Every structure is written in C-alpha cells, then in structure tokens.
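Taken from Swiss-Prot as is:
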REGION    1-45  region 'Disordered'
MOD_RES   Lys5  N6-methyllysine
MOD_RES   Lys5  N6-(2-hydroxyisobutyryl)lysine
MOD_RES   Gln6  5-glutamyl dopamine
MOD_RES   Thr7  phosphothreonine
MOD_RES   Thr12  phosphothreonine
MOD_RES   Arg18  citrulline
LIPID     Lys19  N6-decanoyllysine
MOD_RES   Lys24  N6-crotonyllysine
MOD_RES   Lys28  N6-methyllysine
MOD_RES   Ser29  phosphoserine
MOD_RES   Lys38  N6-methyllysine
MOD_RES   Lys57  N6-lactoyllysine
LIPID     Cys111  S-palmitoyl cysteine
MOD_RES   Lys123  N6-glutaryllysine
Amino acid sequence: MARTKQTARKSTGGKAPRKQLATKAARKSAPATGGVKKPHRYRPGTVTLREIRRYQKSTELLIRKLPFQRLVREIAQDFKTDLRFQSSAVMALQEASEAYLVGLFEDTNLCAIHAKRVTIMPKDIQLARRIRGERA
C-alpha cells in the first residue's frame, strides 16, 4: 500500500493528563508514603440515632449502681443518720428514678419539637414539669 501524506487535524480532547488529575494523584500518594491515616468519623447525628435505638430496645438500668447508691445514702443522711438500706430497696428507687427521668425526657423532647427545635433546652424541662403539675 502506498504511503499518503497525513493532514493536520484538530484534537478532540485526547488522552493528555490534566493538571487537576496530576495533583489529585499526588495527594493520594502522599499519605501512603509518610502521612498518618485519619480515623473514620460518622456524620453528626448518626451515632446519636444509633444510641437512641439501642437504648430504646434495652431494659437494663442506665445509671451505674454504686454511684446511685451513694447518692441515695447522701440524700437520706439529711433526714436521719445511720440509715441502712436493703439492696432491693435501692434497686426499687433506681427503677423508679430512671422511669421518671425517661418519661420527663420524652415530654421534654415533645416540648422542643413543639417549639420547632430538635435540641432540648432547660426551658423545655421546665415547661414539661409545669404542664405535669410538678412545679408551679
């Protein structure tokens, strides 16, 4: 076959690497050589929602037993010294306290949602207690 002369044509954006790609490749290779890999972080709110679902499923007590027991003894000290408690009495107090707090936080969350917010504030707790009739 006979050789023919090539005519010049415009390039249609061939395969030449662009500068942006070169810098991206350099950025990717830099941490592999000497940098420290960042730890994985979940987006804000993801872990919170996971914890909410986990604690709503569970039935175990959320406050540690010994700190709660110390608090009960400290409060009881104001009324009478040298009081003794059965372990079942402390457990009953803890069950009742946690049930009360969970209910209060549910009502507090409803107050915050009513105010078109997702963050609970002290004024929400005050409103919830006032509606319940616990505080004038």
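The backbone N, Cα and C atoms fix where each Cβ goes, and this holds for glycine too.
Positions of Swiss-Prot features highlighted on the structure.
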| residue | record | Cβ within 10 Å |
| --- | --- | --- |
| Lys5 | N6-methyllysine | 4 |
| Gln6 | 5-glutamyl dopamine | 6 |
| Thr7 | phosphothreonine | 5 |
| Lys38 | N6-methyllysine | 7 |
| Lys57 | N6-lactoyllysine | 7 |
| Cys111 | S-palmitoyl cysteine | 19 |
| Lys123 | N6-glutaryllysine | 12 |
Check Lys5 (N6-methyllysine) against DSSP and tell me helix, strand or coil, would you?
coil
Pop the Cα-Cα gap between Lys123 (N6-glutaryllysine) and Cys111 (S-palmitoyl cysteine) into the table, whole Å please.
9
Can you tell me the CA-to-CA distance separating Gln6 (5-glutamyl dopamine) and Lys38 (N6-methyllysine), as a whole number of Å?
53
